[in-house]
Amino acid sequence: MSDSKMSSQDESKLEKAISQDSSSENHSINEYHGFDAHTSENIQNLARTFTHDSFKDDSSAGLLKYLTHMSEVPGVNPYEHEEINNDQLNPDSENFNAKFWVKNLRKLFESDPEYYKPSKLGIGYRNLRAYGVANDSDYQPTVTNALWKLATEGFRHFQKDDDSRYFDILKSMDAIMRPGELTVVLGRPGAGCSTLLKTIAVNTYGFHIGKESQITYDGLSPHDIERHYRGDVIYSAETDVHFPHLSVGDTLEFAARLRTPQNRGEGIDRETYAKHMASVYMATYGLSHTRNTNVGNDFVRGVSGGERKRVSIAEASLSGANIQCWDNATRGLDSATALEFIRALKTSAVILDTTPLIAIYQCSQDAYDLFDKVVVLYEGYQIFFGKATKAKEYFEKMGWKCPQRQTTADFLTSLTNPAEREPLPGYEDKVPRTAQEFETYWKNSPEYAELTKEIDEYFVECERSNTRETYRESHVAKQSNNTRPASPYTVSFFMQVRYGVARNFLRMKGDPSIPIFSVFGQLVMGLILSSVFYNLSQTTGSFYYRGAAMFFAVLFNAFSSLLEIMSLFEARPIVEKHKKYALYRPSADALASIISELPVKLAMSMSFNFVFYFMVNFRRNPGRFFFYWLMCIWCTFVMSHLFRSIGAVSTSISGAMTPATVLLLAMVIYTGFVIPTPSMLGWSRWINYINPVGYVFESLMVNEFHGREFQCAQYVPSGPGYENISRSNQVCTAVGSVPGNEMVSGTNYLAGAYQYYNSHKWRNLGITIGFAVFFLAIYIALTEFNKGAMQKGEIVLFLKGSLKKHKRKTAASNKGDIEAGPVAGKLDYQDEAEAVNNEKFTEKGSTGSVDFPENREIFFWRDLTYQVKIKKEDRVILDHVDGWVKPGQITALMGASGAGKTTLLNCLSERVTTGIITDGERLVNGHALDSSFQRSIGYVQQQDVHLETTTVREALQFSAYLRQSNKISKKEKDDYVDYVIDLLEMTDYADALVGVAGEGLNVEQRKRLTIGVELVAKPKLLLFLDEPTSGLDSQTAWSICKLMRKLADHGQAILCTIHQPSALIMAEFDRLLFLQKGGRTAYFGELGENCQTMINYFEKYGADPCPKEANPAEWMLQVVGAAPGSHAKQDYFEVWRNSSEYQAVREEINRMEAELSKLPRDNDPEALLKYAAPLWKQYLLVSWRTIVQDWRSPGYIYSKIFLVVSAALFNGFSFFKAKNNMQGLQNQMFSVFMFFIPFNTLVQQMLPYFVKQRDVYEVREAPSRTFSWFAFIAGQITSEIPYQVAVGTIAFFCWYYPLGLYNNATPTDSVNPRGVLMWMLVTAFYVYTATMGQLCMSFSELADNAANLATLLFTMCLNFCGVLAGPDVLPGFWIFMYRCNPFTYLVQAMLSTGLANTFVKCAEREYVSVKPPNGESCSTYLDPYIKFAGGYFETRNDGSCAFCQMSSTNTFLKSVNSLYSERWRNFGIFIAFIAINIILTVIFYWLARVPKGNREKKNKK
């Protein structure tokens, strides 16, 4: 925390100065005029004398009041609160007082300013202008146009800078914010509020600041701030990004530790300080009860959305920044909490001299009254800056009218909306209209002249002062030992690493599934793989299998870290945020993540290698074993650091996985086993030299074979008729054998087969360690200097054809969202208060198809009770809630964050998936809910969950086609969609894509689309809305509420949760259901005019009277103790249960049940159907939507294409035109084997897109009964097949022809039929890849776990397919795995199709030289052997026989159980495996993901 210093001596001087100033004024004028502006200026000038800055109080009374207040606090060190007998300083006490605590801290700092060195910082700027690159390529790239778009953008990037490429986001503006002043930034979304805050916080990566701009932070430049004081000027973004599996307490304590100052007080250790500070902010923002609850996110259960927002606020507050820029920080907070947050900022500003700025979209009058300064922005122009109390008066003098009951903030913002502002009578032609006219008026005003004068004085003052040195001293005093004074960080690099390691262990503790799964998976794979090579013999027959086992061991250790790339992308946005807060260096986090992974890596290595080494029967020697394990560990480290480096330099997971896989393929092929070193092609030999895995493999082979003698397992010739032949006339077939010798030296074998030597063993360990250190340095450097994602102005994306139409349509207008750039700037829709007028409901009513459905049914509930099990404890979330929603009424559902509002909506709409409804009834017209209930309602969720690749119109049509009655024609549904687009004023962006944040719809547009998706379904019963105004500006929130009012007026029943209703918005609701903590009802009844009925109820039962100027919503939250820091006088749940109003509610529910149940029910069979559309229609629409999603995701498709092309070409050219000798046949077999390597990456690329579809379906579409689970899963499976066939075809051509397999079909003139079959096999493999990925994801929650499972299954398939070990080698209990392995049949089919029916010609070094007995020719000696063993011989000049073990490729195929006659059978079996995958995907998805039955269990009374 920061502060300014003022000694008691200075305080007395100020008091004396004030009294002197007053007396001199009276003396000279002889008349008392009160405390006027002149006096105020004198006081401020005096204050500057003492503090080198302007004092925050504008009056002597305020200053004296401040001095009095400071005398009330003890000024003690509060961090060891257990030893202080003052509950107001103890954050764990119910009597904790945040304001008292802050005052005490200020007094503590002032008690020893030389030690604490409190600091403060203001900002002033002149001619501030921000501009960005205009992006004309605002169409969504697809597979067909993505490359062209990339090329054109690249060309434009290298063009010389010219003004046409840029547009101004912020026009020239001036302002000054002094320490102690709280400033609010007002403007509609897109006005430039976020850009202004980012500019002040020096967070400008992605846009530029004009050269003419002058910015100073009390004498410090923006460069100084960015380089040395980054954590003292922060920008808190609107989004909440946290590690979901960390608890709230751990999240905040981590931030507190990293900003713990060195000068925190004598005897206070860091941990005590950090825990105390975290507790203080948890208590301040009402988070103490969530200390041990996970933060969570949209998909991981945790605290509520409002509480998560408060966690973000608390985390930013703990940074202790002097200048804090808050961007829409109150989004998702209830009105009382939002007010409390602004009060906390005010307290910090007034007492600790901080300089907070906050852009706020919904600001109550109570909140506005707390602000000192206000900035009003209009399309990038500053149209006012000054005292908040003067702004309203300034614009009223200009000629604008402020309506009654409209808050000042709403009035100021409404001036930037032409449809909402209203000039005073007689000023219609005098007031400015455009943003430029407003700015011109402002810059010609006396207020602006006064401002420029003050700014000029401030700049002169900054030049004269020694702030730079004073501020540096204060900064250095806070820094821990071993921290560079110029560093922006508070703690040293090694402390950052230490805290990062501790946090990562807490993350693992919060979600141990991935490390446990990884270790368990390694153990299982160790057992499986080692059992394949179980107990290898000590003969030459084990040479190949010993090498294969070592090869697999190296690969498994090397690539066990591949999935670490995925976790990097999860953490990246959080690390970038913390870097901007100056909590830690990204490099410190990178090192911490590596250190914290060490125990997991060691556990994984032990679980695999200990089992594998001894079961395979590698060399039983302690020294040899520990060398093996040492090399394996370093191999894991090298590859982990390499994969992390790839992830650090990539911008997306698919972009990282593709090069990682190609690299993996290169390393596998050039390890030295697949292609032995002597057989590598000359052009590619260098790859082996830079391959760290190759060095590991060589050392491990040397470690295993050097100095050992192996018994020969096979002689040539041998068998019947050769029993009595002398060893001198036989030779061992193993490489390195010596004629006549029964033993083969392992050293000679390595030298002959691989050119491996013992002298390289320890050298290679050093090289491997060098690689590990090198890649670690690369990784740390990349994370440190990577600037992260560039900020982009919001642009709206259209399809290319739609964009041209849109540009033609809006060419005449170029107004609107200035932050959005040229394209979005053309979206000029109006959010006027009367946005939805009656004409829109009636203008098309005559057609019949677009009439809004009338509703005559009443939904009500009684004694609804819901509980969940949290850590073996049953916790009641809703406690006997009663209520109803009648047609034509809007019922507001309110309560503090976490009170159970969303849970109640989920229970009422039958959307709960966890927990149990233990009691209560939900009835429609007195009848229990039937199967069509969910289809009869609309549910507008708080999260705007949409597919980013669909357009607005497509999303609405998809909902209409599947949710409206199947009897309604397509044209009528399309007409209704157009009607809703017009109704919600989405015409300008109806053909825009949803997109992602920054490139797509903005928050307001997404909310309108969410509402629209439900409206086009024509919900006949009622409409639920969960926080529909969250994140919207006041005008848009108002227009949404007016829209709800119009819907209700046309018979719709609406139940709506709302957080921050102004008095105006509250007036739009008819009834209120208010929940207090624990899901208990505090009130259900009419609101009355100006909420008077509700106010009367609470005042009747003992509440303090509601002030006339108070917002009833905020007052009510205070009364029931739902606002942070407030305490209820009584339990209002008990008050409600004992009230006459409660009895009236119960009687009304009983009356409705009795009366309504007598009404006739709708007996239309179609009305009772679970889904409106038939299954075939659901399937077709879902499949097409998924195909379109992939087509509009060119990054995914091109990553897939790049992967298969690069992998296939690399594979094909590594084995280019493989010869038909013995090594060549083995190379061709391994080429087929390597062809499967991209499997893992293809699955990992696909999973995120499957998850996106599944999230949209399970979160929104399944509960709404849009379409069935079977249509969803069938559509996902079907839509992937065309793309897999396409990439399979590309892979076939890139691999089949370079490898030269077609040459093997030439002798039998079967090139075409064998080529066609090979194409079918290759494409079938790619289809199998997709179905296997979907199978693994069908029942998995996390994509990481599905990817791990797919890797496990893939490894098993590779291991048991017969390439590395055939059925004659496998232990008996694994034969079943060979038989039921799809890759067995695929490999057999591909090998037989590619290699069959041609001749073998041995290379010179492959011949075995045999000397026949004296007097015998080679023919007579070897012909009997060749007849049963195969092969051929050549007679050499010296009479010896050069024997080749094979003469036909069919002999080789037979040795690997691949028969040409079975090729079509094997293809058919592989297709059957694809079908099995599809069937299992459907079954497992139904078992694991489809809700069955209901969550209702009634207690028997």
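Cβ coordinates are placed from backbone N, Cα and C, and glycine is handled just like the others.
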**Report entry** Swiss-Prot annotation: N621 and P1491 on one membrane face
**Finding:** no
Requested in this report: Please give the sequence-distant neighbours of the coiled coil (1137-1164): residues at least 6 beyond its ends with Cβ less than 8 Å from one of its Cβ atoms.
Outcome: 858, 860, 862, 882-884, 923, 925-927, 1083-1085, 1097, 1101
Report task. Quickly jot the same-chain residues contacting the transmembrane segment (765-785) by Cβ under 8 Å, restricted to those at least six beyond its ends, or write none. Result -> 575, 585-587, 589-591, 594, 630-631, 634-635, 637-638, 641-642, 644-645, 648-649, 692, 695-696, 699
Report task. State, in range form, which of 514-534, 623-643, 655-675, 1196-1216, 1467-1487 has the highest count of Cβ pairs under 8 Å to the transmembrane segment (1315-1335). Result -> 1467-1487
Report summary line: Same-chain residues at least 6 beyond the ends of the transmembrane segment (655-675) with CB under 8 Å of its CB atoms are 547-548, 550-551, 554-555, 558-559, 562, 565, 568-569, 642-643, 646-647, 684, 687-688, 691-694, 697-698, 701, 754, 756, 1195, 1199, 1202-1203, 1206-1207, 1210-1211, 1214-1215, 1227, 1230, 1233-1234, 1237-1238, 1240-1241, 1244-1245
**Report entry** Cβ pairs under 8 Å between the transmembrane segment (1196-1216) and the transmembrane segment (549-569), at least three
**Finding:** no
Requested in this report: Using Cβ atoms only, state whether the transmembrane segment (1230-1250) and the transmembrane segment (1467-1487) have three or more pairs under 8 Å that are 6 or more apart in sequence.
Outcome: no
Report summary line: Long-range CB partners for the transmembrane segment (549-569) (under 8 A, at least six residues beyond its ends), listed in sequence order, are 514, 518, 522, 525, 529-530, 532-533, 536, 597, 601, 604-605, 608-609, 612-613, 616, 618, 632-633, 635-636, 638-640, 643-644, 646-648, 650, 652-653, 656-657, 660, 664, 667-668, 671, 673-674, 693, 696-697, 700-701, 704, 1240, 1244, 1343-1344, 1347-1348, 1351, 1355, 1359, 1364
Requested in this report: Note the mean pLDDT of the coiled coil (1137-1164), expressed as a whole number.
Outcome: 87
